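Peer 1: Let me begin by handing over the structure; questions about it come next.
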């Protein structure tokens, strides 16, 4: 790749991307445009602007993408009940396509030669950023400094920062912070003591949730309303997508809901350990499953459950903009036509549980399932023929085994 003259950098204002900004300037002698996405990470983003200005960025973009993030990425994913490896709600994975989309759009608007990101050469994010970028612009050039420079450790990064007078953030304990990714859906923490999967994560790692043991001793009941698979209200109050998730985060965080200690299989081949906090997402998943229980046909629900792991894997691996993800999304969205109604949930000391659900689109018929007199709604004699037909192949198999002496 010829040396770029202008690069758009996905910039958080943190240590890694600040070092990358300086490295791009010194390594390529190029203009650097910074792009900072507000995805609800809960930080004041103006310091990122000030830092980028101080370091000589030629243009600075800071954009509030919270509504777009939840409406166009998080909610479609939750219609699928997507979970990776049975536990992970994909909080980091689902944020990357939107960041890449805006990186490419800004690069085109600025006439930039390339885009750059701060993902390491060991992780999944490098794949996610770059697959999304190439899917949107096949001619885009991507610079991944972690795959080029010799700053191969946190210690070397800090030495570089000190040499170039780049401020180094400290945590409350006066130490360099964990590697943290945060957005409106979740917070993840990696590195340091967490790299030993045998060690219990210290409580100071958690930023978004109280310890469940310290959560209120009285449960809280809430109601979440859905329309066509998307949450639209809490306790009867209509809300925008980002507002729904923000409120669920507040409720879940106060009750210690959504903590996860996970060793996951990365797309690049290795296993990694992360601490995830997804309070609102954990409530949303439980609520969505609750409303589907009464509105989704059994066959459609079971097919959705079969498709979900593949869908989740596509998002985890960075294939949001792939045709196969879009095909699955179309099927999932079609299944949500009648997923409308209300779910009541109980929040208590780290747990969320559906305790009630109702809908004008419900398939639940009390007349058919009652243990009392069903007034002729269901003739139990019909079950005999149903069983005989389904038993036929099993009886034929058993007869063959008997004939062959097995």
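Using N, Cα and C of the backbone, Cβ positions are placed for all residues, glycine too.
Reproduced below are the annotations present in Swiss-Prot:
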- 10, 11, 12, 13, 14, 15, 16, 17, 18, 37, 118: ATP binding site (BINDING)
- 88, 93, 124, 128, 179, 188, 264, 276: L-citrulline binding site (BINDING)
- 120, 124, 125: L-aspartate binding site (BINDING)
Peer 1: Whose Cβ lies within 8 Å of the mean position of the Cβ atoms of 120, 124, 125, the L-aspartate site, other than those residues?
Peer 2: 119, 122, 123, 126, 127, 128, 268
Peer 1: Look at the binding-site residues 93, 120, 124, 188 and tell me which residue has the greatest number of other C-beta atoms within 10 angstroms of its C-beta.
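Peer 2: Output for this query is 93.
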Peer 1: Max Cα-Cα distance in Å among 10, 11, 12, 13, 14, 15, 16, 17, 18, 37, 118, the residues listed as binding ATP?
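Peer 2: For the residues that bind ATP, the greatest Cα distance is 16 Å.
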Peer 1: Of the binding-site residues 12, 16, 118, 120, 125, which one sits closest to residue 93 (L-citrulline binding site) when you measure Cα to Cα?
Peer 2: 125
Peer 1: How many Å separate the Cα atoms of residue 188 (L-citrulline binding site) and residue 14 (ATP binding site)?
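Peer 2: So the Cα of residue 14 (ATP binding site) lies 15 Å away from that of residue 188 (L-citrulline binding site).
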Peer 1: Just the number: how many Å between the Cα atoms of residue 16 (ATP binding site) and residue 179 (L-citrulline binding site)?
Peer 2: 10
Peer 1: Which one of these binding-site residues has the most other Cβ atoms within 10 Å of its own Cβ: 14, 118?
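Peer 2: By the 10 Å Cβ neighbour count, 118 comes out on top.
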Peer 1: Indicate whether residue 188 (L-citrulline binding site) is helix, strand or coil by DSSP.
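Peer 2: Going by the DSSP assignment, residue 188 (L-citrulline binding site) falls within a strand, counted as strand.
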Peer 1: Determine the Cβ neighbour count for residue 16 (ATP binding site): the number of other Cβ atoms within 10 Å of its Cβ.
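Peer 2: Summing over all protein chains shown, residue 16 (ATP binding site) has 20 other Cβ atoms within 10 Å.
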Peer 1: Taking the Cβ of residue 264 (L-citrulline binding site) as the reference point, list residues of the same chain whose Cβ is under 8 angstroms away and which are at least six residues distant in sequence.
Peer 2: 84, 85, 88, 271, 272, 273, 274
Peer 1: Can you check which residues sit near residue 125 (L-aspartate binding site), meaning Cβ under 8 Å from its Cβ, same chain, 6 or more apart in sequence, and list them in order?
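Peer 2: 92, 96, 117, 119 - these are the non-local Cβ neighbours of residue 125 (L-aspartate binding site), listed in sequence order.
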Peer 1: What binding-site residues among 10, 12, 14, 18, 118 are found with a C-alpha within 10 angstroms of that of residue 124 (L-citrulline binding site)?
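Peer 2: The binding-site residues close to residue 124 (L-citrulline binding site) (Cα within 10 Å) - there are none.
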Peer 1: Inside 10 Å of the Cβ of residue 276 (L-citrulline binding site), count up the other Cβ atoms and send me the figure.
Peer 2: 26
Peer 1: Give the sequence-ordered list of residues that share a chain with residue 179 (L-citrulline binding site), lie 6 or more positions from it, and have CB atoms under 8 Å from its CB.
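Peer 2: Non-local contacts for residue 179 (L-citrulline binding site): 189, 190, 191.
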